[in-house]
Structure formats: C-alpha cells, structure tokens
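Pulled from Swiss-Prot:
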| type | residues | note |
| --- | --- | --- |
| BINDING | His79, His395 | Fe(II)-heme a binding site |
| BINDING | His258, Tyr262, His307, His308 | Cu cation binding site |
| BINDING | His393 | heme a3 binding site |
| TRANSMEM | 33-53 | transmembrane segment |
| TRANSMEM | 74-94 | transmembrane segment |
| TRANSMEM | 118-138 | transmembrane segment |
| TRANSMEM | 163-183 | transmembrane segment |
| TRANSMEM | 200-220 | transmembrane segment |
| TRANSMEM | 252-272 | transmembrane segment |
| TRANSMEM | 284-304 | transmembrane segment |
| TRANSMEM | 318-338 | transmembrane segment |
| TRANSMEM | 355-375 | transmembrane segment |
| TRANSMEM | 394-414 | transmembrane segment |
| TRANSMEM | 431-451 | transmembrane segment |
| TRANSMEM | 473-493 | transmembrane segment |
Amino acid sequence: MDITTNDLNHDDHHTPHGWKRWLFSTNHKDIGIMYIIFAIFAGIVGGLFSLLFRLELAMPGGTFLNHDFQLYNVLITAHAVIMVFFMIMPALFGGFGNYFVPLLIGAPDMAFPRLNNISFWLLVPAFILLMGSAFVDGGPGTGWTLYPPLSSISGHPGAAVDMAIFSLHLTGLSSILGSINLIVTIFNMRAPGMGLFKMPLFVWSILVTAFLIILAMPVLGGAITMLLTDRNFGTTFFKTDGGGDPVLFQHLFWFFGHPEVYIVILPGFGIVSQVISTFSRKPIFGYQGMVGAMVIIGFVGFIVWAHHMFTVGLSYNALIYFTAGTMIIAIPTGIKIFSWIATMWGGSITFPTPMLFSIGFIILFTIGGVTGIILSNSALDRVLHDTYYVVAHFHYTMSLGALFTAFAGFYYWFGKISGKQYPEILGKIHFWITFVGVNLTFFPQHFLGLAGMPRRIPDYPEAFAGWNMVSSIGAGISMAAALYFVFIVFYTLKYGKDCPNNPWGDGADTLEWTLTSPPPFHTFETPPHIEE
C-alpha cells in the first residue's frame, strides 16, 4: 500500500491546557487515553476484589472474610461487573477504538466529538454508583447476572441492587453512544481510496462490535428496568405470585449476555490480526475470510443465548438447537485461529512483547474454545453447569483471551500513544509472569469443576483444598504481574527512549505509523490518499 500523507504541525492550535483539556476534550486521542487510564484503574480494583475472594478460597473454613458470605457474594458481583463493563470494554473498544480507528482510516477525528466526550464521562458516575452500592444495605450479592428472586426486593431489600442497576444503565448508554459514533465514523469518514475491504482488520472488528452493542445493550436495559419496576413499583414481570416468570429474566439477560462475550473479544481479534501481520512481515492470511468470520461470529452469537440455561427446564428440541448452534460457532472461530497460524507460517517472525501476548492469546483462547465445545453439549452441561469448569472456560476465553489482546495492543501502540518506547526486556518479563500466573490460577479449576466443586460458594470440603490453594497462589502471581505492568507504564513514561514514527519496521504498514510519535493534536486534516 503506497501511502502519501501530509504531516501538518498544528499541534498547538486550539489546544486547551491543564484539567480543561481532559474534562472538556472532544479530541479522539485524548478521550482514548482517558478510556485506557480508566480501564487500568478499574482493572486493578477488580483484580484486588478477585484476590480477596481467592484468599478466602485458598483454604476451607471460610476464615479470611470472617464468615461474611454476603461480602463474598458482593466481591464476586463487583469483580465481574468491573472487569466486563469498566475494564475490558473501555480498554479495547473505548480506548483503542477511539484512539486508533480515526488514525487507521485517515479520518481527522470521530464523527461526533462531543458525543465522544459524554460517552467517556458517563462511565465515571456509573463506576461510582457500582462502588457505592457495595457499601449500602450489605451490597448487591447477586452475581453479575442479577437473577431474580435473589435480586428481587425480597431477596435484596434496600438500595444496593437498584444502584447497581442504574450503574449498568449508565455504562450501557455510554457503550451505545460510543458505538453510534464509531459506526458513523467508519462508514462516512474513511480516506479517499479506502474501501471497506481495504480497512485494517482492527477497524472491522470495532465495526462488528459496535453493531453488537447497539443490538444487545437495549435488551439488557429493558431486563434490568423490568427488574427495577418489580423491586420498586409493584410490577410482577419476574414474580411467580403475580403471573411472572424468573426464567424470562434469564432469557432477556443472556440474549444480551452472550453477544456481550463477543463484544469483549472481537476488538481483541482485530488487535491480534494487526500484531501478527506486523511481526510476521506478511499480510494477514485470508483477509476476507477473517472479515466474514467476525460477521458470522457476531450473527450466530445472538442465536445461542440459552446455552447458559441448559438446566432451567428447556424443551428437548430447544436443547438440541442450542447445542448445535453453539458448536457451529467453533467454525468461524477456527477460521480465525488457523488464519493467524497461516499468517505466521513462512513469515520472518520476530518476538517482541506484543507478539508474545498474541501467541499467548492464541494458546489460551484455543484451550478455552475446546472446553467451550465440551460445555456446548447440553447433556454434559447438566453435570458441569455452575461448576468451576465453567469458570475456567470463560476465563480462558473472555478474560485471559481479551486480557492478553489488551496487553498486546498496549505494547504494540504504547510508543505511538506516548512517544516513549517501553524497554523490551521489562515487557517480556511481564508476559511470562502473567502467563504463568493466569494458567496457575485457572487451569486447576478444570479439575475442581470435573470433581464437582460449585461456583460462587465461599467454603468447600477439604477434598478440594489442594487445587484451590494452587489457584489462589496463581491469583497472587497474576496480581503481582498487574502491579508490575503499572510500574512498566510509569517507568516508560519517565525513562523510556523516544519512540520513532515506526518502531516495528516494514511489517507495520497501516496509516498510524506514517505519523509522528505521539501524533500531533490534529491529524489528517488533509485526508491521505490510499493507493493500491
């Protein structure tokens, strides 16, 4: 791709300074940076919560939290909601999406800059509401799924669950507004000559994700609003004594909840495609197949939601359909895995930190995918449902998969964002500590699940003690790795070497590498022309 660009030095024009620059910012780069900082902060908080309940689970007896099992449930709930809505989505979709989509398509900014500002700032009150809910009336001990009747006014009297519901309303609104912005930007603001099928795969992944958010989030909003009125205004959507059905809530929640796991992982797929192509010095293998796989994953993700509900009493035909549909998702996912491997095959591969995290992602995601095939079988799921086998499965895919893509993207683009290049040896140490830590945490949970240990239980028989101790040690290592990552960020900002325009060489051929590091405040005011 021959790229001609006009590097304008208007950095200082119309740039507000101090706190106003960040509070009132309509610049996509500033907002992307704020999303990433917010995500790192929320991720540390959510990680500390998980460390607390892993310490509780390290030994049987329930002594660490002093037998306060409501607190245990609140920690479980807060950990999940923070990691999904306040860590991984703001990092991948909000942070990298906002910062790099305009750069990758040659746009001067996002289509609706002020909408972009409110999309970010809605997250802050949402996070405060969620944190505050933990200190009100014992906190929301419902799990992130908020199932009634546990989340009903009889199961949780007081304002805690209502605050959590309003928190989800705000974060959902933030996501929907951000999605509208990104869709309009991608369709209307591409540089001349950049057709849809010339866009980098990261842009495609954000586009598909944005459509998923717009289709899925309102369903969650409707479900939790119905729960809110059940709790406060006497409706009986989910109360059996008034003709309602709590299983209806599960259908509504998981109709959002299953697309949500693809909302979390799809931007990561895009990042991995960019990174593997760059460090294999080859174009991505099967570009159109990769695009098609993402679109198919997005579509099929909407029609398999009840595989989360195999034990609620679905009809035999429904079990067959949802089992088959879930297994079919393995096909487009397999296309992506094999295309990444084919891209590396025969390439001039180097292994800097972003590439290590991408390869680590492929390994972890494949393990999680294999256990997903096992869980998709409704007969086997009767045994494994709500055990630690499920916890291991979704952490290997949604959590470790998405987390490793976030780290890959961060190390890949950190020099471009900050103008400082991280020390390679520190990044590689971070990768290996994280890789060992997360596998030590979650791999033993497969064995616990197969042995029958249920999820969300603060105490357990001594037979499960060994693997739980291993898992808790792994959680400590993983948390240490996360804090080490924060150290690397600050160390790089203070002592890092200046990053060249393109630190990665010939393989990095997308538009952002034609700009300075960091890019000027206003970029592509004259659109670049994309030629074959």
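Along the chain as shown, the residues are counted starting at 1.
Heads up, the Cβ atoms here are built off N, Cα and C, so glycines get one too.
Overlay of Swiss-Prot feature records on the structure.
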residue : record                     : DSSP class
His79   : Fe(II)-heme a binding site : helix
His258  : Cu cation binding site     : helix
His307  : Cu cation binding site     : helix
His393  : heme a3 binding site       : helix
Cβ neighbours within the same chain of His258 (Cu cation binding site) - under 8 Å, at least six residues apart: Gly301, Phe302, Val304, Trp305, His307, His308
Inter-residue C-alpha distance, His79 (Fe(II)-heme a binding site) and His393 (heme a3 binding site) (nearest angstrom): 17
Tyr262 (Cu cation binding site) versus the residue listed as 'heme a3 binding site' - Cα distance in angstrom: 14
Pairwise CA distance, His395 (Fe(II)-heme a binding site) versus Tyr262 (Cu cation binding site), rounded so that it is a whole Å: 13
Chain-internal residues near Tyr262 (Cu cation binding site), provided their CB is under 8 angstroms and they sit 6+ positions away: Thr209, Leu212, Ile297, Gly298, Gly301
Two-stretch contact, the transmembrane segment (355-375) and the transmembrane segment (473-493), at least three Cβ pairs under 8 Å: no
8 Å Cβ shell about His258, Tyr262, His307, His308 centroid, Cu cation site members excluded: Trp254, Gly257, Pro259, Val261, Gly301, Val304, Trp305, Thr326
Contacting positions for the transmembrane segment (252-272) when only residues 6+ beyond its ends and CB under 8 Å are counted: 84, 88-89, 92-93, 96-97, 145-147, 200-206, 208-209, 212-213, 215-217, 219-220, 222-223, 226, 294, 297-298, 301-302, 304-309, 336, 340, 358, 361-362, 365, 394, 397-398, 401-402, 404-406, 408-409, 412
Other CB atoms, at most 10 A from the CB of His393 (heme a3 binding site): 24
In contact by Cβ distance (the transmembrane segment (284-304), the transmembrane segment (394-414); 3 or more pairs under 8 Å): no
Neighbour tally for His79 (Fe(II)-heme a binding site), based on other Cβ positions within 10 Å of its Cβ: 20
